[in-house]
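Swiss-Prot annotations:
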- HIS123: active site, proton acceptor (ACT_SITE)
- 27-47, 105-108, 222-224, 248-250, CYS266: NAD(+) binding site (BINDING)
- CYS131, CYS134, CYS182, CYS185: Zn(2+) binding site (BINDING)
- 5-282: domain 'Deacetylase sirtuin-type' (DOMAIN)
Amino acid sequence: MTAVPAHDHHTLQDFIERHQRLFVLTGAGCSTDSGIPDYRDLQGGWKRPQPVTFQAFMGELSTRQRYWARSLVGWPRFGLAQPNATHHALAALEARGQLEVLLTQNVDRLHQAAGSQAVIDLHGRLDVVRCMGCERRMPRTEFQVLLEQANPGWAALEAAQAPDGDADLDDVAFEHFVVPPCPVCGGVLKPNVVFFGENVPRARVERAFAHLQAADAVLVVGSSLMVYSGFRFVQTAARNGLPIAALNFGRTRADELLTLKVEQSCAQALAFLHAPPHLPRARSVNDASARSA
């Protein structure tokens, strides 16, 4: 397929209204209007140092100290984030009966908060903490209490919000930060998300591919697709001949595979989903001029 440059959200509206079983794949660009920063620039490069790897988190106490210190400071704001117009528009798409599944690379659960039900959290969820020893789960809010009790004064630190529910703590020493162990077995506690270098659970991937098999088109919203765990679904869709549209500012890894690309605000481009389906579109000045020419 060849990427089609498009700047008019009506083209995207036509694409969506032509399909009834959309496989929607979302990324960080969906949540920026909720106050959660994204990761990449318009060229798909990193805006900040790369996220922690699974191997470093599990193998180095210093990495866990730094991760959980930043998370202690950033979690309260992240946990209070609310769904924005993009999340609500995609929930409306499901209510119209046009959604096969919504596969999100985000870990913020804002799609569910907006009312979406057919959601697969590809990379897990940040509001749950998992013991890597006994597999016990606990709410992130519960672990926040343990972190603050073990590290008095840290919650009062001020820092800019970062993408992973953490905060940009500069010039802070972490060597005395206390990371609470699992209260049951004493094991290492980790957010229940897929880190870089960690595999997405196979059953989750297979479930997503089953939905892709049943879909009649793919819609990418707010993702550069630079991470292979998300890109592979678009790659497979292209191989199977499915039409693919992307709504994203800047370059995506799949540009050469796209049927349609729209570089606009996600919320603005999807605003039509809040209206009842199949209503005639309002005529623009350009439409009227074209008809009278």
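Any Cβ shown, glycine's included, is placed from N, Cα and C.
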Residue among the binding-site residues SER31, ASN248 whose Cβ has the most other Cβ atoms within 10 Å: SER31
Using Cα positions only, nearest of the binding-site residues to CYS185 (Zn(2+) binding site) (GLY27, GLY35, ASP108): ASP108
Sorted by sequence, non-CYS131, CYS134, CYS182, CYS185 residues with Cβ within 8 Å of centre, Zn(2+): MET132, GLY133, GLU135, ARG136, PRO181, PRO183, VAL184, GLY186, GLY187, LEU189
Euclidean distance between Cα atoms of the residue listed as 'active site, proton acceptor' and CYS182 (Zn(2+) binding site), Å: 22
Binding-site residues compared (GLY27, GLY35) - the one with the fewest other Cβ atoms within 10 Å: GLY35
Pairwise Cα distance for CYS134 (Zn(2+) binding site)/GLY35 (NAD(+) binding site) [Å, integer]: 34
HIS123 (active site, proton acceptor) and GLY27 (NAD(+) binding site), Cα-Cα, nearest whole angstrom: 11
Overall pLDDT of the domain 'Deacetylase sirtuin-type' (5-282), taken as the mean: 90
Around the Cβ of HIS123 (active site, proton acceptor), the count of other Cβ atoms that are within 10 Å: 19
DSSP-derived class (H/G/I helix, E/B strand, else coil) of CYS131 (Zn(2+) binding site): strand
Residue among binding-site residues CYS131, CYS134, CYS182 with least C-beta crowding, 10 angstrom cut-off: CYS134
Greatest C-beta neighbour count within 10 angstroms, which of the binding-site residues ASP108, CYS185: ASP108
